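Undergrad: Quick one: structure below, then a few questions.
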Amino acid sequence: MGDIAIRARHVSKIFGQSRVLDDVEFELRRGEVLCLAGENGCGKSTLIKIINGVYTPEEGVELSFGDETLSAISPIEARNRGIHVIWQDLALFPHLTVAENIVFDDYVAKPWRPISYKDALTQSREIIQQFGLDLDPMARVEDLSIAHRQLVAICRVLRAGASIIFMDEPTASLTYKEVQTLLGITRSLAAKGISIVLVSHRLVEVLEVCQRVTVLRNGKLVGTYPTEGMTQARLSTLMTGLELEFTPRAETHKGAPVLELKNLSREGEFENVSFTLHRGEILGLTGLLGAGRTEIAHTIFGMTQPTSGQLLKEGQPLTLNSNRDAVHHRIAYLSEDRLNLGLVQNQSINMNTAVTVLPRLEKPRFFLSPQRIKALTVHWIEQLKTKVSDAELAVSSLSGGNQQRIALAKWLATEPEVLILDCPTIGVDVGAKAGIFDIIRNLADQGMAIILISDEAGEIWMNADRALVLRDGRIYSEVIPAETTEEALEAIINA
Amino acid sequence: MHKRLLNRRIGTEGTLLSILMLLCVVLALATDSFLTFQNLFDLLNNQSVNIIFAVGLVVVLIAGGIDISFAVAASVVQYVVLSLLINYLGGGNWLLGILLSMLVGMLLGLFNALLIHRFRIVSIIVTIGTFNLFFGLLMYFTSGVSIYDIPDWLYYSVPLLDLPAERGSATLYLPAAVMVVMVILTWFILARTGFGRAIYGFGSNPESARRSGVSVWKIHAFAYGWLGLCAGVAGLMQAHIVQEVVPNALIGQELPILAAVVLGGATLGGGRGSVLGAVLGVLLLAIVQNGLNLLGVTPYAFRMIVGLIILIAITTSNLGNLLPRTTKARNV
């Protein structure tokens with residue numbers, strides 16, 4: 001340790017009018033795991049792209065690699081110095097085998113040399129064994145889980161001789177166990193002298209595995225801190241510049257029961273799930289990925305039918321044959337996959353907001369009234385304090401936090417009594433998250449019954465009045481956040 | 001799970017081969033004439049043109065594109081090459097004929113590639129355009145007149161293998177050999193060179209391939225150029241077999257060939273498919289037709305049956321996707 005792998009000083013980058021990076025300093029030691037933290041748009045990706053040669057920085061930069069100092073670097077030079085980036089999409093080839101993915105760079109380098117599958121297999125096995133990974137080189141990447149695909153991407157850069165690996169949001173779609181495995185692997189890579197930079201939103205993990213954390217905010221370096229003694233609260237304050245509250249929801253405003261599940265089961269998904277949801281309550285539904293959280297939500301929303309058990313709304317048995325029935329009974333469900341399922345990305349903000357209530361916006365009948373659509377969107381944009389310059393623009397032009405507000409508006413327009421929120425803060429910045437939860441708390445204060453699904457113990461702890469922890473499709477434990485600590489809740493989830 | 005694993009190990013090609021063999025056994029038992037050299041050689045002679053088209057097309061499909069202009073491109077090649085040979089080169093010979101056909105075919109394919117790459121237009125739109133353009137130009141300049149007076153070298157068939165048979169003899173002709181060469185060449189490029197694997201990679205995930213340093217233009221140029229080259233060769237062979245050049249002889253062939261290649265495991269999404277699969281796809285459809293013929297089924301039923309086979313094949317190969325998502329996830 002102590003050896004410097006890269007030291008970049010005076011890094012600036014200007015795009016058009018805006019200064020995306022302003023005199024940033026970045027230092028990475030050999031064999032360390034460093035975290036690069038900051039909200040979306042703080043300049044993390046720009047910094048990575050400058051270091052791996054994709055972007056040319058402004059004048060005055062000093063890039064030193066221990067022995068040598070450069071004023072610019074090309075992508076090829078960066079590769080030759082062992083700098084590799086694993087972007088969030090992993091850049092793999094799903095139809096090819098693991099082995100072929102690992103040796104793919106050879107195909108590009110020597111396109112007309114006859115290839116040998118045997119060599120590809122032996123070489124991949126070597127890499128896989130050398131780093132003690134669990135991968136079948138003959139498998140096709142499309143058949144692997146995201147966690148295993150990540151390993152393939154890691155093998156690929158290791159084979160290319162990586163000594164400095166940037167990993168962009170590697171834990172975003174992994175289960176708790178997979179995250180632990182991945183973090184274990186990064187540690188063992190570091191022990192072999194490879195330097196790793198993790199870019200992550202999940203503050204807990206970062207603090208656990210990294211030795212130091214470099215924080216950027218609005219293109220400026222906030223500082224580099226040792227993770228020892230660092231708390232989540234302090235880190236998010238550094239990232240956002242805001243003092244965020246880290247306390248459970250103060251008091252409960254439980255009203256009359258609205259929705260009741262009685263021994264609800266669906267074969268292969270969940271079993272004997274019973275709970276009662278009250279007006280004004282935020283009920284947390286948590287558990288590891290695959291514990292049945294989303295499956296239960298789908299059944300309450302009428303998208304799947306239970307195999308046994310009963311669903312009651314205000315004491316009346318409820319049979320839902322489709323999600324249309326559910327909307328009719330004033331149940332709304334915000335999907336966890338905002339990008340693909342929650343919003344129609346290339347349609348306008350207006351249309352995305354209006355889509356759930358189109359019949360109400362017809363005037364005359366069968367003809368949509370542009371005025372009514374506009375009025376609806378304006379109303380919700382104001383209510384949810386969404387930053388929108390022009391509601392005719394595609395919804396993809398908005399930031400994650402604002403997109404989520406539109407997705408929320410779309411469901412609030414149906415005037416639901418029961419609102420199910422499935423991981424509402426995925427891909428939303430720390431600062432914007434607080435805003436979304438403010439909205440959710442306000443809705444509950446106004447009497448809406450809310451089911452909040454999340455795998456982040458912190459979110460549940462801070463916002464839910466009551467949390468149900470699921471495991472293997474059953475309710476494993478019920479926790480009142482106000483009576484316990486976040487760490488205790490986390491331990492129950494991962495037990 | 002076991003079934004899926006098994007499927008993976010055998011693959012589309014294995015399934016197709018088993019069906020093909022089963023079909024051959026049934027037909028051999030049901031008819032006297034199916035399992036004769038005469039019939040099998042006829043099948044190869046007749047299908048060589050389609051197979052040459054198919055191995056060209058599979059490259060484009062693997063690269064994630066589609067081309068429906070290749071059959072009319074082949075007609076254009078026939079006219080251009082024969083006009084050049086007859087009017088300017090004193091008739092020419094086999095070598096010149098093949099080289100010229102490859103060149104003209106490749107240029108037509110590169111024209112598609114250029115439009116697709118340079119102007120970022122979806123391949124199906126581009127090739128619908130060039131399909132009409134090529135055929136329109138052909139009809140305009142030829143006024144629909146056929147060429148009957150083709151050079152001698154092209155007119156007389158070239159027997160390669162002659163076996164005595166019940167009635168006369170069973171003969172394998174030149175187009176079958178050309179087909180074998182094209183099949184092996186395409187297979188080698190796709191399966192045994194880095195460039196071929198890069199085509200699979202590009203079809204599988206274009207953005208990843210681009211970031212790995214794969215030249216997108218080279219992939220496009222090769223895929224459409226190679227299909228054009230194959231179409232040129234196929235066009236010449238077709239003219240050789242029917243001993244004349246008719247402007248609308250090949251138009252309409254593109255869809256059955258596309259269907260055969262898709263039957264052979266290629267998808268319109270790219271990244272999947274193989275030369276063996278394409279060949280087996282063409283052969284399966286040909287043998288079905290041949291068998292129906294021998295069994296005395298009315299030719300009016302052919303299209304219907306071919307359509308059914310394709311739909312059944314595609315639905316059964318997608319059955320796995322119909323299983324509930326969660327059960328699948330638990331099994332993995």
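From the backbone N, Cα and C atoms, a Cβ is placed for every residue, glycine too.
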Undergrad: Among the residue ranges B:23-43, B:275-295, I'd like the one that TrEMBL describes as transmembrane segment.
TA: B:275-295
Undergrad: Which range out of B:122-150, B:221-243, B:249-268 gives the transmembrane segment (B:170-190) the most CB pairs under 8 Å?
TA: B:221-243
Undergrad: Could you check if the transmembrane segment (B:94-115) is in contact with the transmembrane segment (B:221-243), meaning 3+ Cβ pairs under 8 Å among residue pairs at least 6 apart in sequence?
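TA: Judged by the Cβ rule, the two regions touch, with the required three close pairs present.
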Undergrad: Taking the transmembrane segment (B:46-63) as the reference, which of B:221-243, B:249-268, B:275-295 gives the largest number of Cβ pairs under 8 angstroms?
TA: B:221-243
Undergrad: Report, as numbers and ranges, which residues of the same chain sit near the transmembrane segment (B:249-268): CB under 8 Å and 6 or more residues beyond its ends.
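TA: Long-range Cβ neighbours of the transmembrane segment (B:249-268): 11-13, 16, 50, 53-54, 57-58, 61-62, 66, 68-72, 74-75, 131, 135, 235, 238, 242, 274, 276-282, 284-285, 306, 309-310, 313-314.
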